[in-house]
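Peer 1: Below is the structure I would like to discuss, written out as structure tokens.
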Amino acid sequence: MKGLKLTPYTVNSIHGGKSIYPFPSLTTPHPKSTFLFQHNCKSVFSTGSVTRRTMGICYQKCILERARCVQIRVRCSSASVQPVNDELTENKSKDLSMSGDSIRRRFLDFYAARGHKVLPSASLVPDDPTVLLTIAGMLQFKPIFLGKVPRQVPCATTAQRCIRTNDVENVGRTTRHHTFFEMLGNFSFGDYFKKDAIKWAWELSTVEFGLPAERLWISIYEDDDEAFEIWHNEVGVSIERIKRMGEDDNFWASGPTGPCGPCSELYYDFHPERGILNTDLGDDTRFIEFYNLVFMQFNKKDDGSLEPLKQKNIDTGLGLERMARILQKVPNNYETDLIYPIIEKISELANVSYSLADDHTKTSLKIIGDHLRAIVYLISDGVVPSNIGRGYVVRRLIRRAVRTGRLLGIRGDGVGNPEGAFLPVIAEKVIELSTHIDEDVKARAFHIMEELKREELRFVQTLERGEKLLNEMLAEALSSAQENGTVPCLSGKDAFLLYDTYGFPVEITKEVAEENGVHVDMNGFDIEMENQRRQSQAAHNVVKLVVGNDADLAENIPDTEFLGYDTLSARAVVESLMVNGKPVIQVSEGNDVEVLLNRTPFYAESGGQIGDQGFLYVTEGENGRSAIVEVKDVLKSFGNVFVHKGIIREGVIEIGREVEAAVDANMRQRAKVHHTATHLLQAALKKVVGQETSQAGSLVAFDRLRFDFNFHRPPLDTELEEIERLINGWIGDATILQTKVMPLADAKEAGAIAMFGEKYGEQVRVVEVPGVSMELCGGTHVGNTSELRAFKIISEQGIASGIRRIEAVAGEAFIEYINSRDLYMKQLCSTLKVKAEEVITRVDNLLEELRITRNEVSALRAKAATYRASIIASKAATIGTSRTIRVLVECMDDTDADSLKSAAEYLMDTLEDPAAVVLGSCPDEGKVSLVAAFSQGVVDLGIQAGKFVGPIAKLCGGGGGGRPNFAQAGGRKPENLSSALEKARADLMSILTEKAS
């Protein structure tokens with residue numbers, strides 16, 4: 001049977017980390033179409049284009065002419081099915097590059113030629129609150145599938161970056177599992193459906209990519225006769241190679257309710273020689289699923305019944321890494337040109353040969369290669385390592401990669417620094433390969449490298465200590481299990497200690513333990529983790545969709561026309577009213593209400609800026625007002641519909657009435673001032689602390705602004721002062737702002753900065769402070785920087801690992817801030833009876849006087865405690881005959897902890913060795929202090945103060961410990977002190993009597 005063949009220098013290029021383009025790429029565009037937008041053409045048609053001059057002009061012409069013939073045949077066929085034969089398959093394998101970049105480009109070109117709009121990949125950080133990370137190509141289209149956002153195009157195609165960590169343990173161990181992968185997809189939003197989706201998938205696979213038809217198998221849902229008819233009768237797939245599968249395998253559902261439908265999957269057969277009898281498509285040694293077609297045609301209701309969707313949709317996904325493996329004829333996804341160059345770099349650092357390595361070493365190399373791809377793209381999209389949410393995903397992957405690298409013997413940065421970090425060296429290769437995946441990665445390279453270096457070195461500092469402790473714990477668990485004849489188990493408390501104190505992810509602890517044959521008590525660990533563990537869970541790998549009244553409502557409500565850039569008041573019509581989320585016809589005085597207008601001057605919360613406040617007036621006659629709605633907030637819903645949230649202050653408002661919408665001008669000005677100040681702050685930060693800083697979130701409010709940014713250290717006081725100086729200088733320059741709308745590509749080329757977390761369309765609004773700042777922004781801004789009046793930073797702090805937060809004020813809020821601080825200073829001056837310039841000196845003097853007084857009080861308390869101790873010394877009991885041991889256990893009322901310690905030390909000096917003293921007190925309400933002091937003679941008998949006092953403290957609701965001869969403890973239950981001391985006395989007497997006999 002004929003199959004795809006890679007030329008020798010295709011194979012060499014894959015495994016040599018060099019270019020993988022044995023033939024010129026096809027750069028001839030498809031005929032002009034209304035479906036393609038010009039600004040996308042560059043990215044669509046230039047991906048992976050390489051010409052080898054050494055091949056010769058005549059040979060190039062021959063190849064291109066043959067390719068054009070194929071293209072012409074494709075254009076004319078539309079959704080028709082072309083016959084597939086061995087000659088065509090072989091020609092395609094020879095004539096077209098099989099590189100990962102080429103596969104991506106050809107997929108997008110294929111669907112672009114069939115009316116699909118090529119859209120960019122969404123960020124790995126989704127807007128959807130139901131998922132932590134972008135896990136599927138359809139996620140960015142979820143609002144369209146729900147009917148909450150009208151479709152902008154009838155169908156689309158994307159190459160979506162995805163992250164999944166639910167089966168991270170399989171990474172490197174199987175041929176196909178990844179944490180980071182690209183999903184190529186084509187989507188129909190009520191346009192074409194099952195027939196075209198199936199035929200195009202077949203044409204793409206067999207004609208465009210040249211896969212032999214006899215190597216392709218199809219799975220369908222067991223009841224989907226329509227799909228069977230299309231695959232068998234129209235496409236021509238034999239009955240033997242169409243497998244019906246059950247709901248678990250071939251019926252997609254978004255959740256218990258919501259959009260759902262049957263699936264059809266395409267599988268590639270690596271071993272057709274095994275025949276067609278008793279085949280199992282789940283056999284990974286023979287088959288790989290590379291293309292999944294979801295026919296979203298039903299809505300599952302609460303009772304489990306299915307009803308047809310008003311708009312039938314298509315959602316597909318083709319795994320780029322899987323297709324690359326098939327076309328490049330390599331044994332697993334990792335040996336394709338998408339990942340193998342990264343593995344080569346790791347092999348170089350580890351001083352091993354991948355081709356000669358054993359399976360365990362290969363697995364380690366694959367794990368690091370996979371994880372570095374995920375890490376680089378996550379950090380590029382604004383995710384920084386932390387102990388919660390997305391940050392924990394990054395931290396976990398980094399630490400797995402570091403530990404795996406160290407097990408391979410990688411030390412240092414590979415360029416002579418044994419104390420350096422090796423992850424940035426590997427990341428350089430990932431970034432080098434990122435051009436056609438995400439063009440922004442290279443621009444963020446410095447930030448990515450610094451974050452990786454900092455996190456790796458921080459982890460290495462604790463890794464060796466943690467590994468040593470873990471090895472000791474595992475040895476003890478194995479020894480204990482051998483003695484008791486039980487299964488070796490590491491306790492949840494020990495696993496948590498490693499996590500909490502040494503920064504060991506529990507997954508690493510579990511991996512190492514399992515490597516040594518030790519089970520980890522994960523239930524015990526979960527109890528110890530409590531809320532921390534819940535915060536650190538990875539994303540749910542389910543995209544939840546729900547179809548309900550919102551979808552029906554959205555169909556009847558058009559996008560709101562926003563007038564607020566040019567005016568603060570306008571006439572509008574009430575399109576819809578809602579109370580508690582439910583549509584109503586009218587709302588009366590005193591009720592909360594949500595008002596949807598056809599047009600509005602109110603700004604809806606977005607881009608970090610909060611929504612406007614103001615009033616809606618329903619007027620009658622020339623001057624009469626029949627209803628007043630106080631608007632307290634404005635949000636966006638159903639895509640671009642503005643929801644005015646407020647309360648009816650007077651009268652009744654109803655659908656269809658005309659209202660006068662008036663924004664509170666003072667509040668709008670405050671928001672405008674703070675939004676412009678935010679742009680100036682970002683510009684100043686980049687100028688003062690470095691261009692690598694990037695925005696990680698913001699809030700533009702009426703009373704302040706808040707700006708989160710990525711930076712590895714706290715800014716110096718001098719740097720903050722310089723930032724304020726720069727911004728106030730720009731304010732004083734009275735610069736006129738420039739605002740214009742332009743294509744997104746032009747804005748990026750001009751150097752405009754995108755705001756964190758925002759999504760942009762083809763046309764974007766650019767706000768520029770000439771010579772200072774240029775950003776993509778839909779918010780409201782001042783006309784002149786002088787309107788800011790002044791700028792002041794009021795706080796700076798770290799809010800997560802590598803993320804800092806600045807809060808500041810400008811404009812009217814600045815005046816209010818200064819006035820309030822001036823009032824506080826006047827009150828302080830009055831209280832201290834000094835001038836403002838003398839306050840610091842006066843406070844320093846008071847603090848010194850307070851310190852001296854406290855020391856004197858402490859000394860007096862210690863003397864009093866010592867005197868008290870001298871009195872109770874006579875109460876010491878004696879034990880033993882041949883050797884007398886003195887035991888003293890007493891309560892010293894409200895003596896503080898330090899004085900209690902002085903009393904115990906005095907008694908140790910007073911009582912002859914051997915002696916044991918335990919003292920307790922209740923220095924404050926709800927507080928217990930305990931001290932245990934044992935002389936050397938008692939310690940020599942095998943009794944330690946630190947171990948003895950802990951159980952006593954537990955009786956008082958606390959704990960503690962210390963050295964063998966001296967220990968302190970505390971508690972929160974004073975009512976138990978008396979009984980605890982009685983137990984201490986009884987235990988000491990019993991133990992020492994036995995030891996002294």
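We count from 1, first residue shown onward.
Cβ atoms here come from the backbone N, Cα and C positions, even for glycine.
Annotations in TrEMBL come from automatic prediction, not curation.
Under the heading Zn(2+) binding site, TrEMBL lists His675, His679, Cys777, His781. Positions annotated as coiled coil by TrEMBL: 836-863. Here TrEMBL flags 98-820 as domain 'Alanyl-transfer RNA synthetases family profile'.
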Peer 1: 10 Å Cβ neighbour count around His675 (Zn(2+) binding site)?
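Peer 2: The Cβ of His675 (Zn(2+) binding site) has 24 Cβ neighbours within 10 Å.
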Peer 1: Just jot down the residues in the same chain as His781 (Zn(2+) binding site), at least 6 apart in sequence, with C-beta under 8 A of its C-beta; none if empty.
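Peer 2: For His781 (Zn(2+) binding site), the qualifying residues are Lys672, His675, Thr676, His679, Leu737, Thr739, Val767.
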Peer 1: Other than His675, His679, Cys777, His781 themselves, what residues in this chain have Cβ atoms within 8 Å of the centroid of the Zn(2+) site's Cβ atoms?
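Peer 2: So the extra residues in range turn out to be Lys672, Thr676, Thr678, Val700, Val767, Glu775, Gly779, Thr780.
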Peer 1: Tell me, how many other CB atoms lie within 10 A of the CB of Cys777 (Zn(2+) binding site), whichever protein chain they belong to?
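Peer 2: Looking across every protein chain shown, the total is 26.
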Peer 1: Using a 10 Å cut-off, grab the number of neighbouring Cβ atoms around the Cβ of His679 (Zn(2+) binding site), all chains included.
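Peer 2: A 10 Å sphere around the Cβ of His679 (Zn(2+) binding site) contains 26 other Cβ atoms.
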